[in-house]
Amino acid sequence: MAEKRNIFLVGPMGAGKSTIGRQLAQQLNMEFFDSDQEIERRTGADVGWVFDVEGEDGFRDREEKVINELTEKQGIVLATGGGSVKSRETRNRLSARGVVVYLETTIEKQLARTQRDKKRPLLQVEAPPREVLEALARERNPLYEEIADVTIRTDEQSAKVVANQIINMLESS
């Protein structure tokens, strides 16, 4: 990878976007951003609180603005929120401003990785988590696929292995 292209990670919650993103940025000596963490930094509140107070629409508006600003940077790795792809504007910006890597995982892995995480507002509901994740997958997976330049399944692999796969795919493209 001679020039530093932006790398944008998309996929469902629990796919490993933040963990893999940090690993990838470290290996490539690039700056790492996480859109949820950036929203928390700017608001001084966690994403669950923003979700509760502003609702999903308010949160998505903030997310779209943050992703727009971050994708204007050069040479970054960005882990996006799982629902960021719901915005057509965000999908267009991600596609136009960098390489989009879809980190794919199974519902079982998502359940295992998110079961103790209280910072997942969409899982803090009455419905069983499996049903919530299945509904989100039906809605969002086609959107991830629509903009993905590369798709990698993360289920049984370490962040370092996935980061190396991404680097190898980018170098050969």
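Each Cβ is built from the backbone N, Cα and C atoms, and glycine gets one as well.
Straight from Swiss-Prot, the features:
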- GLY14, ALA15, GLY16, LYS17, SER18, THR19, ARG120, GLN157: ATP binding site (BINDING)
- SER18: Mg(2+) binding site (BINDING)
- ASP36, ARG60, GLY82, ARG140: substrate binding site (BINDING)
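Listed in sequence order, the binding-site residues from ASP36, ARG60, GLY82, ARG140 having a Cα within 10 Å of the Cα of ALA15 (ATP binding site) are GLY82. Of the recorded residues, THR19 (ATP binding site) and ARG140 (substrate binding site) place their C-alpha atoms 21 Å from one another. Nearest neighbour of ARG140 (substrate binding site) by Cα distance, taken over the binding-site residues GLY14, GLY16, SER18, GLN157: GLY14. With respect to their backbone Cα atoms, SER18 (ATP binding site) and ASP36 (substrate binding site) stand 10 Å from each other. The Cβ of LYS17 (ATP binding site) has 27 neighbouring Cβ atoms from other residues within 10 Å, across all protein chains displayed. Nearest neighbour of GLY16 (ATP binding site) by Cα distance, taken over the binding-site residues ASP36, ARG60, GLY82: GLY82.
Among the record's substrate binders, ASP36, ARG60, GLY82, ARG140, no two C-alpha atoms are more than 18 Å apart, and one pair sits at exactly that spread. Neighbouring residues of the recorded substrate site, listed in sequence order and excluding ASP36, ARG60, GLY82, ARG140, comprise MET13, GLU63, THR80, GLY81, GLY83, SER84, VAL85, LYS86 (Cβ within 8 Å of the Cβ centroid). Between the alpha carbons (Cα) of GLY14 (ATP binding site) and GLY82 (substrate binding site) lies a span of roughly 9 Å. When the Cα atoms are compared, ASP36 (substrate binding site) and LYS17 (ATP binding site) turn out to be 11 Å apart. In sequence order, GLY83, SER84, LYS86, SER87 are the residues near ARG60 (substrate binding site), counting only same-chain partners six or more apart with C-beta under 8 A. For the pair LYS17 (ATP binding site) and GLY82 (substrate binding site), the Cα-Cα distance reads 9 Å. Secondary structure from DSSP puts GLY14 (ATP binding site) in coil.
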